[in-house]
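Below is one structure, written out as structure tokens; comments come after it.
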Amino acid sequence: CTVILTRLATRDLHKPISILFCNLAVSDLFTSFSGFWISMLFITNPDITIFGSRDMLAPYALYTTSILSTIYNLVSIGVERYLAVAESMRTRFRVARSHSIAVVFINWLLAFSLGCLPLLGWHCLQAGRSTSVLYSPFCVSYLVFVTLPNVVVAFLVPLFTYLRIIIILRKRKLRMQACGQATGTYRSAETQVARTSISIWLLALVSYAPFFAGVIFDATNRRCHTDLYPGVYIFRNCTAILITITCLGNPLLYTLRLRELGAKLKALRCLSAKRVRACAI
């Protein structure tokens with residue numbers, strides 16, 4: 001919410017990347033909200049989160065949609081950064097604000113299309129053989145269908161984009177060194193991109209790899225719910241906590257730096273104080 005408010009209250013949304021940053025915050029907000037919804041269902045009726053129920057379809061669908069939207073936003077941010085760095089090499093195409101808005105719309109459309117498939121009938125409320133053990137009443141086939149391609153996209157596309165950014169910056173630095181010019185800016189930019197990309201990879205690996213492992217376990221498991229209780233469900237809850245940590249880490253990595261956040265919040269307070277004084281006068 002802090003990311004969304006500060007982005008809307010400042011002029012940062014004039015930049016295409018800021019639209020993607022704000023949309024990433026919205027996706028993280030939806031993930032947190034759906035996770036809170038599932039937690040409340042677990043507190044009021046723990047059995048439906050273990051054995052599955054029709055009441056779990058809507059919160060799980062929203063949870064899946066928000067996670068998919070977050071993944072697509074991260075991929076879009078990586079692609080946008082690559083195009084921005086390579087802009088001088090490709091002067092015919094420039095990322096505009098309209099492009100970012102179109103990407104946001106496509107991301108949500110794709111996320112809702114895939115995330116709401118269980119609400120449209122792809123669930124296992126009647127058939128018990130292919131029911132997911134961890135995420136009943138989802139079907140194992142649906143989880144595999146959604147997880148495998150998105151995991152590949154989430155890991156390979158950022159890898160390509162950030163590596164290309166580092167390569168481009170290094171080539172420009174070498175070119176400027178050959179011309180006898182200073183290269184401190186490119187050296188610092190290369191270091192910052194490398195640190196950011198490593199942080200992105202570590203955060204994605206720590207948060208989404210256990211969820212992917214749980215889906216693989218679902219696909220290969222042949223035992224019933226009671227045989228796996230409570231250890232497997234503790235693991236499932238830990239994966240949910242890690243995904244929530246990702247929602248907290250994304251603003252720090254992509255949208256906010258602590259000093260910039262403090263400066264923007266201070267500017268907002270000063271702006272509100274000036275408005276109060278003006279109204280009083």
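Glycine is no exception: its Cβ is also placed from the backbone N, Cα and C atoms.
Owing to the predicted nature of the structure, the values given are computational and were not obtained by experimental measurement.
According to TrEMBL:
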type	residues	note
DOMAIN	1-254	domain 'G-protein coupled receptors family 1 profile'
TRANSMEM	17-40	transmembrane segment
TRANSMEM	60-79	transmembrane segment
TRANSMEM	100-122	transmembrane segment
TRANSMEM	142-167	transmembrane segment
TRANSMEM	198-217	transmembrane segment
TRANSMEM	233-256	transmembrane segment
### Query
Hey, which bits of the same chain come close to the transmembrane segment (233-256), Cβ under 8 Å, at least six residues off its ends?
2-3, 6-7, 21-22, 24-25, 28-29, 31-32, 35, 38, 50, 67, 70, 74, 77, 134-135, 196, 199-200, 203-204, 206-208, 210-211, 214
### Message
Across the domain 'G-protein coupled receptors family 1 profile' (1-254), what does the mean pLDDT come to, as a whole number?
### Response
78
